[in-house]
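Colleague: Sharing the feature lines straight out of Swiss-Prot:
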- Cys21-Cys185: disulfide bond (DISULFID)
- Cys104-Cys189: disulfide bond (DISULFID)
- Asn4: N-linked glycosylation site (CARBOHYD)
- Asn18: N-linked glycosylation site (CARBOHYD)
- 1-31: topological domain 'Extracellular' (TOPO_DOM)
- 53-67: topological domain 'Cytoplasmic' (TOPO_DOM)
- 89-111: topological domain 'Extracellular' (TOPO_DOM)
- 133-146: topological domain 'Cytoplasmic' (TOPO_DOM)
- 168-195: topological domain 'Extracellular' (TOPO_DOM)
- 217-260: topological domain 'Cytoplasmic' (TOPO_DOM)
- 304-344: topological domain 'Cytoplasmic' (TOPO_DOM)
- 32-52: transmembrane segment (TRANSMEM)
- 68-88: transmembrane segment (TRANSMEM)
- 112-132: transmembrane segment (TRANSMEM)
- 147-167: transmembrane segment (TRANSMEM)
- 196-216: transmembrane segment (TRANSMEM)
- 261-281: transmembrane segment (TRANSMEM)
- 283-303: transmembrane segment (TRANSMEM)
Amino acid sequence: MTSNFSQPALQLCYENTNGSCIKTPYSPGPRVILYMVFGFGAVLAVCGNLLVVISVLHFKQLHSPANFLIASLASADFLVGISVMPFSMVRSIESCWYFGDAFCSLHSCCDVAFCYSSALHLCFISVDRYIAVTDPLVYPTKFTVSVSGICISISWILPLVYSSAVFYTGISAKGIESLVSALNCVGGCQIVVNQDWVLIDFLLFFIPTLVMIILYSKIFLVAKQQAVKIETSVSDNRGESSSESHKARVAKRERKAAKTLGVTVVAFMVSWLPYTIDSLVDAFVGFITPAYVYEICCWSAYYNSAMNPLIYAFFYPWFRKAIKLILSGEILKSHSSTMSLFSE
């Protein structure tokens, strides 16, 4: 006797290949929606951060150590958008990796390197803002272009060296070879590292984040004190000199920049905290996190690369003006690099 009910056919990533991963595709409706959502994030990360880089490099008024750091941060986020997110999008939605083992390693390496590079950039930007707000008179001599260059170099070299060591030496899988072998299949690209390296990953997130929290806490305390002093001084002396007025405007601008970048730091922490906690816990409970939970955490982190340009556009009038000049083609005109972007 045969049953009238048949099990749905098992789908594989590669139908005619032994050891293929099992494919668990979405139905057409959710599939289209996910491609639109993830694709929009990738396009926003690429286009938005490219506008930031062009703005800082083209307009001479933006050539400052702090803005060079911001441009370098935007470069890291741009690379996440163009080299990581599109391929992760296909993997997340199709539940298969179709780009080969070699590119899987490269993709994972770039994923980790560029994301940790963003964290280090934000950490150095916090240091820059701390000096600018707490010691504005000596800031130009302390945080020079050469110092900014050193910070940028560290923010790129350390993550690249670390991620290369993790994915190309095999040391991250030491002690869990049997688990890696069990999870390995054709059409898969899953990052599995041992508990020691998961702890290192957590520290690479936690230490810069802790530094940022401490520095921005001090920044906002100092900024509040400065605001009170300036209000008192203006009310006591209506006829203040132009020099004092200029100092007050500069201090106000530095505080506003610190607040804006503080929002950027908060966005980074909110975006990355779920993924970091999930990775830490998962390594100690046998990697049992459901696929959909992992994907939510992962894309929450990816979307951080698309958020920074939106934050700049919302808080920085100069960035909005730069975008208009770029999109209208005004930057193609001669002497466009010397245009004024600030209202004062």
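For all residues, glycine too, the Cβ spot is worked out from N, Cα and C.
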Colleague: Whole-number Å only: compute the distance from the Cα of Asn18 (N-linked glycosylation site) to the Cα of Cys104 (disulfide bond).
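Modeller: Here the two Cα atoms are 19 Å apart.
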Colleague: Are there any residues at least 6 positions away along the chain from Cys104 (disulfide bond) with a Cβ closer than 8 Å to its Cβ? List them or say none.
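Modeller: Correct list: Trp97, Cys189.
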Colleague: Which sequence-distant residues neighbour the transmembrane segment (147-167)? Criterion: at least 6 residues beyond either end, Cβ under 8 Å.
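Modeller: Same-chain residues near the transmembrane segment (147-167) but 6 or more away: 65-66, 68-69, 72, 76, 105, 108-117, 120-121, 124, 127-128, 193, 197, 204.
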Colleague: For a three-state summary based on DSSP, what are the helix, strand and coil counts in the topological domain 'Cytoplasmic' (133-146)?
Modeller: 8 helix, 0 strand, 6 coil
Colleague: Residues of the same chain, at least six outside the topological domain 'Cytoplasmic' (53-67), with any C-beta under 8 angstroms of its C-beta?
Modeller: 74-75, 78, 125, 128-129, 132, 143-145, 147-148, 257, 318-319, 322-323, 326, 331, 336-342
Colleague: If you run through the topological domain 'Extracellular' (168-195) with DSSP, how many residues end up as helix, strand and coil?
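Modeller: Counts, helix then strand then coil: 12 helix, 1 strand, 15 coil.
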Colleague: May I ask which residues of the same chain, at least 6 positions away in sequence, place their Cβ under 8 angstroms from the Cβ of Cys185 (disulfide bond)?
Modeller: Cys13, Gly19, Ser20, Cys21, Ile22
Colleague: Can you name the far-off residues of the same chain, 6+ from the ends of the topological domain 'Extracellular' (168-195), with a Cβ under 8 Å from a Cβ of it?
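Modeller: Non-local partners: 12-14, 17-23, 91, 96-99, 104-105, 107-109, 201, 283-284, 287.
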